[in-house]
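Asks: Would you mind keeping the following structure in view while I ask a few things?
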Amino acid sequence: MAELDLMAPGPLPRATAQPPAPLSPDSGSPSPDSGSASPVEEEDVGSSEKLGRETEEQDSDSAEQGDPAGEGKEVLCDFCLDDTRRVKAVKSCLTCMVNYCEEHLQPHQVNIKLQSHLLTEPVKDHNWRYCPAHHSPLSAFCCPDQQCICQDCCQEHSGHTIVSLDAARRDKEAELQCTQLDLERKLKLNENAISRLQANQKSVLVSVSEVKAVAEMQFGELLAAVRKAQANVMLFLEEKEQAALSQANGIKAHLEYRSAEMEKSKQELERMAAISNTVQFLEEYCKFKNTEDITFPSVYVGLKDKLSGIRKVITESTVHLIQLLENYKKKLQEFSKEEEYDIRTQVSAVVQRKYWTSKPEPSTREQFLQYAYDITFDPDTAHKYLRLQEENRKVTNTTPWEHPYPDLPSRFLHWRQVLSQQSLYLHRYYFEVEIFGAGTYVGLTCKGIDRKGEERNSCISGNNFSWSLQWNGKEFTAWYSDMETPLKAGPFRRLGVYIDFPGGILSFYGVEYDTMTLVHKFACKFSEPVYAAFWLSKKENAIRIVDLGEEPEKPAPSLVGTAP
């Protein structure tokens, strides 16, 4: 069949509503119209009936086997009469509704009257190529209605775009290829997500183990402090007890001594009472009277009042400590209120309403500077190929030269990254950086980012808790959750980074002499303190944290160059 990409509404290529009379294998032309059939015609009719029964039997067999179209089986010629010598069909005629081998197809190729018939690849079952409404072969495709039609359907589809079946197949095959590619892409993304999730499960176990270790250590210190406080209190009470007992024993000894002295005085008085000499009596009694001590020591030890005060201090301190311990549970319950857990199983802090602000977004550099925040690079997180200078305000990728940094759990092992020492939480912040070289990334991430992993979710462009902006030497690209968004923004050496934590906004601005140009804005879901994050992926990349007192330079012909 000749190619026909588009067919105008109207009659379709020649096709009859009913199949024409079968062809004679000998003559190669249709039988003449007459009242009686020739022997050849009778033979053809008999053959057609026989072949029709065979086709029905084959179709029923195919249907029983769950293959109604007979796909996957060899299609035989309907005109080969000997069942043992039937030849494989090479074409099917949609007009005749018959399959032909190479020999029996020749009449369709040489007879001009048969050349208008619609030929296709061999099909086992012709019923599905037959219009159920008009009993005519399906010979075209209606694009708006997305269905195959016959010649008689043309009136019903008047005004529609109609193409040949071959053209429709080519179009649908192209669409199928696009669908396959899209499905393969989605499958790859899904497999990558599964891979990242499996890798993250290990990170979850490590993170939880680290938190457990910290909790055990902290509670161990707390228990040790409680035991020490208990020992100190008991020692204090024992010392007070010994002091009070010692004081009581001293008073007792003194009183016993006074009792003995008073017993002597009593005996002396009895002796003087027996003196008959008046002068002697008066002299001795007056002498005794002058030496008599009539004072008595206090027999009350005021320890009970002191103990009451000590008991009050211990009780109040204990109640306060218990309240502090109960705050552990309350704070954990607040964290667990988060409905969605991040892939790192992070917990969400509830931002207090007092931190929300209704102030408008800043638009000029002067307005941004109201939220100026001074940050520095954290040397405990810097990769061993990153050199920190200028009081930790400049970082340079010195690959392959390593720096003698101590091996710490917080240090990045694979990705050339470094975080800020300062966290960003609950408020608005603004800082500026200068970038040098293609392959630099500036962004935010959470503290729980994996420091030792080699997977993409360990870098600030490959997970759903980091947001970053990349300069690739030609343009900027925004990264989130391993998905990139090319940006149409001019090159800028100095970038302004604005964070509105309560509003969930992270914006990057190109900072020039007299203008602030928005490069990209992220809508974020901040649920814990975040940190400024930097990735220097190539050798000699450099990033410098700008002193906000420095005025931006006037634009130069090449803004983002190599590191000075």
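Note that Cβ sites are derived from N, Cα and C of the backbone, with glycine treated the same way.
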Asks: Scan 126-165, 246-285, 286-325, 406-445 against Swiss-Prot and say which stretch is down as zinc finger.
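Replies: From Swiss-Prot, the annotated zinc finger range turns out to be 126-165.
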Asks: Run through S116, S207, S481, S507 and tell me the one Swiss-Prot describes as phosphoserine.
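Replies: Among S116, S207, S481, S507, the one Swiss-Prot marks as phosphoserine is S116.
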Asks: Would you please say which range out of 83-114, 243-274, 531-562 has the annotation coiled coil in Swiss-Prot?
Replies: 243-274
Asks: Is H134 (Zn(2+) binding site) helix, strand or coil when read with DSSP?
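Replies: Assignment for H134 (Zn(2+) binding site) reads coil.
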Asks: Is it possible to get the count of other C-beta atoms within 10 angstroms of the C-beta of H157 (Zn(2+) binding site)?
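Replies: Result for H157 (Zn(2+) binding site): 18 neighbouring Cβ atoms inside 10 Å.
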Asks: Rounded to a whole angstrom, what is the C-alpha distance between C131 (Zn(2+) binding site) and S116 (phosphoserine)?
Replies: 19
Asks: Quick check on the zinc finger (126-165): DSSP residue counts for helix, strand, coil, in that order please.
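Replies: Going through the zinc finger (126-165) residue by residue, I get 8 helix, 11 strand, 21 coil.
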Asks: Rounded to the nearest Å, what's the C-alpha distance separating C153 (Zn(2+) binding site) and S116 (phosphoserine)? Just drop the number here, would you?
Replies: 19
Asks: Where does S203 (phosphoserine) sit by DSSP, helix, strand or coil?
Replies: helix
Asks: When the Cα-Cα distance from S203 (phosphoserine) is computed for each of the recorded positions S116, H134, H157, which gives the smallest value?
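Replies: Minimum Cα distance from S203 (phosphoserine) across S116, H134, H157 lands on H157.
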